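Among the features that Swiss-Prot reports, substrate binding site is placed at R15, K16, S104, Q105, R106, Q167. As annotated by Swiss-Prot, FMN binding site applies to S73, S74, M75, T76, S104, N132, K199, T229, G279, L280, R281, A300, M301, with the evidence given as sequence analysis. Annotated Mg(2+) binding site per Swiss-Prot: E168, in sequence order, evidence recorded as sequence analysis.
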Amino acid sequence: MNSPATSNSAQTQSRKADHIRICLEEDVQFRATTNGLERYRFNHSCLPEIDRNDIDLSATFLGKKLNAPLLISSMTGGTEQAGIINQRLARLAQDYKFAMGVGSQRVALEKPQVADTFAIRKYAPDVLLFANVGAVQLNYKYGLDECLRIIDMLEADALILHINPLQECIQPKGDVNFQGLLDKISELCEELSVPVIAKEVGNGISGAMAKKLIAAGVQVIDVAGAGGTSWAKVEGERAENSMQRRLGRTFADWGIPTAECITSVRAIAPHIPLIASGGLRDGLDIAKAIALGADIAGLAMPFLQAAVESEAALQELAEVLIAEITTVLFCTGNATLHQLKHSGSLQRLQ
């Protein structure tokens, strides 16, 4: 007979495999809710007065220099396919000096033999790497020791605590006790020597919530707003009964659009390191997010789709994103990301 721990680890590993399959094969994108960036437009400069070849996309984040303001957002781990994906993404991050986060490492604590699917530091020795676990696990017997093991597993520069109440509501046997979680996040922030990143999973962090998280000691906010992959839809596809499937459909478009998250968080925290993610699909989206106040931008689905195809597809995606961001800067007359952010080039449409 399997022990409860063995059963839990098998369920977690199966869930990870399901997530990859569903994201790649099913329509799990937001429909009625967009990322909100379409409400903004850059003012075109017909005389940029700069050489496109001199444009500098570099950014410094958490003390590390990135060649472009890009984060390969948290996606996967814990299965053989996930291990291959993470290796490919890590090599890309190393080659292009992007930041990278992995998917939840809970599965590797429950099943240590899959920890190697997260062991990517050897492929990305110079990359800004983020470890990852669900914040709610702090209410389910996880604490400092487990978080340190997760960080050490990746040799990570920071720890993502992903916050996903809606997903847990729809996920079969989800962990839904969020009571007192902010205090536990605060305690963990005090005890860890690496920065803690608070990240939603596609439903957004408001300015009011960011204020509480920052007061608790969180050092980075990743807004992960609505408009991209709907985890309500994903979990609805996995649902074991009609009620959960109904919940997935009902809340498929629930969340705060990414653009609103960026502006509201930046308004209450002018200097907090801020990551924009949630439905960003190209370099124009990334440039808009930076102009709205983000420091770097995270993409997950585009990198996942390319990684499953080939390393060549990943390289092509990276080159396209860089070219798109560069073109925005050139056609708005800005030579650096700092200039773009403070240029007033981005206008909200009426």
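Even glycines carry a Cβ here, placed using N, Cα and C.
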- Message: Can you tell me the CA-to-CA distance separating M75 (FMN binding site) and S104 (substrate binding site), as a whole number of Å?
- Response: 8
- Task: Work out how many Å separate S104 (substrate binding site) and S73 (FMN binding site) at their Cα atoms, rounded off.
- Result: 11
- Which Cβ among the binding-site residues (S104, Q167) has the fewest C-beta neighbours inside 10 Å? Q167
- Query: How big is the gap, in Å, between the Cα of M301 (FMN binding site) and that of R106 (substrate binding site), rounded to a whole number?
  - Reply: 21
- Look up R281 (FMN binding site) in the DSSP assignment and report helix, strand or coil. coil
- To the nearest whole angstrom, what is the C-alpha distance linking R281 (FMN binding site) and Q105 (substrate binding site)? 25
- Query: Got a sec? Which of these binding-site residues, M75, M301, has the most Cβ atoms within 10 Å?
  - Reply: M75
- Task: Count the Cβ atoms, other than its own, that fall within 10 Å of the Cβ of K199 (FMN binding site), considering every protein chain shown.
- Result: 26
- Task: For R106 (substrate binding site) and E168 (Mg(2+) binding site), determine the Cα separation and express it in whole Å.
- Result: 14
- Message: To the nearest Å, how far is the Cα of S73 (FMN binding site) from the Cα of Q105 (substrate binding site)?
- Response: 14
- Just the number: how many Å between the Cα atoms of the residue listed as 'Mg(2+) binding site' and K199 (FMN binding site)? 15
- Message: Roughly how many Å lie between the Cα atoms of G279 (FMN binding site) and Q167 (substrate binding site), rounded to a whole value?
- Response: 17
- Task: Determine, to the nearest whole angstrom, how far the Cα atom of Q105 (substrate binding site) is from the Cα atom of K199 (FMN binding site).
- Result: 15
